[in-house]
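Student: Here it is, the structure in full.
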């Protein structure tokens, strides 16, 4: 590629989050960067899109650097749609989302706004990567992530992701010297065991807070959870053809047409 | 099964939508029904969950019938989590979601609140089906759907869905005599080509409405789109292991660890 790649950057923690600021700083060393990110945190939004409400977009200057930036009132998936259809002059060469404050490994990929942005780009035929650091804190330290984010991004630009596949990258919350490397993994089977916290509001009406604990139900050593627990960065190729192809044959033997 | 199956019913159009009322009436002929559904429409919510806000639940009586009903301030996925963890005395034998007013075929599965509820149940180990009718109107006619919904539900209760698989059922908007039968399909490759409608609010500020057109990019005759276009009901087995297993080997040849 002789001209610089056009890189779309987004996230779900909002345009001011330290994670996206780190991602922008790395992408500025690789290509021409346009940021289109939510104006407020959107965690847990899954693949939500705004179908029944208006969307606002504002060009902003958040910090120094060559990037162009827009903040958007919508979800991460909205940001990607708006960027590709309205804001960018040409189709981007890459979309990166994150760096998320918190894990998107295992079943978390389903609830993840970070990954929904990457998937949305993938649906539009744009190679895409979601990056997440296993630290939910706003002041998480993203320094150790930088060189890995750079390497993975360059590999995606050099090689080609197949049609219909994006990458889900999770980074353990460790100092650089303790990160053992990168492992290609499958998504671990796991779920959240919710413990709803039931309270009463000042008027005496019951309400709930969702809380819970993630449980890894997968004893495999080829999973993202296993890699992360052992100090590796996990890279899971992630698809949006949700068909359970292996079950098609058996389902065809069912007596669905009576 | 000697005792009646316990069936959890939810949707994303809200507890008062004609589609869920139809689904409840069919499920009342099959099992003991508990409804936990959003109090307002949640279309396009994808797999959103409420992590940073309170959840309210109210026991309600919407219409006659033996079912127990709760309306919830959350998303479809919230409803399923709350039902399984807080509201039901035992794990349900089945979760059905819908009948959605509008298609959830092809890539729409990604944006679908209806299917997110089914997937959430599947994650919890509950067999689940999402039903959708290809008519977005509130006063859509669900009569022709009834016998098919009943048959498919009974087949799911009789046979076993494998762990990690739920069903995505879409029903063409046709009178009963014109529906040719049921086809087991794969998810068609397709996407939405958005045309954002840019307007000005009364204060002169630009905003956008998301609109667009669905494009079927798949010429296969084994897809949900093909079945629906030809007058068949489509049944797609749908999984939430998003790993692109076929790409793992090639991705392992990349130079990710420099």
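Just so you know, the numbers here start at 1 and follow the chain as drawn.
From the backbone N, Cα and C atoms, a Cβ is placed for every residue, glycine too.
Not my notes, these are from TrEMBL:
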BINDING   A:12, A:13, A:43, A:100  divalent metal cation binding site
DOMAIN    A:7-193  domain 'Survival protein SurE-like phosphatase/nucleotidase'
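Burial and contacts for the listed features, if you can.
Tutor: Of all the Cβ atoms in the protein chains shown, 31 others lie within 10 Å of the Cβ of residue A:100 (divalent metal cation binding site).
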Student: Excluding A:12, A:13, A:43, A:100 themselves, which residues in that chain have a Cβ inside 8 Å of the centre of the Cβ atoms defining the divalent metal cation site?
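Tutor: Apart from the listed residues, the neighbours are A:11, A:14, A:17, A:19, A:41, A:42, A:76, A:98, A:101, A:102, A:112, A:113, A:114.
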Student: Tell me, if you would, which residue among A:12, A:13 (binding-site residues) has the fewest other CB atoms within 10 Å in the structure shown?
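Tutor: A:13, out of the binding-site residues A:12, A:13, has the fewest neighbouring Cβ atoms within 10 Å.
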Student: Non-local Cβ contacts of residue A:43 (divalent metal cation binding site) (under 8 Å, 6 or more apart, same chain)?
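Tutor: Same-chain residues close to residue A:43 (divalent metal cation binding site) (Cβ under 8 Å, separated by 6 or more) are A:12, A:13, A:102, A:113.
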Student: Which of A:12, A:13, A:43, A:100 (binding-site residues) reach within a Cβ distance of under 8 Å of chain B?
Tutor: A:43
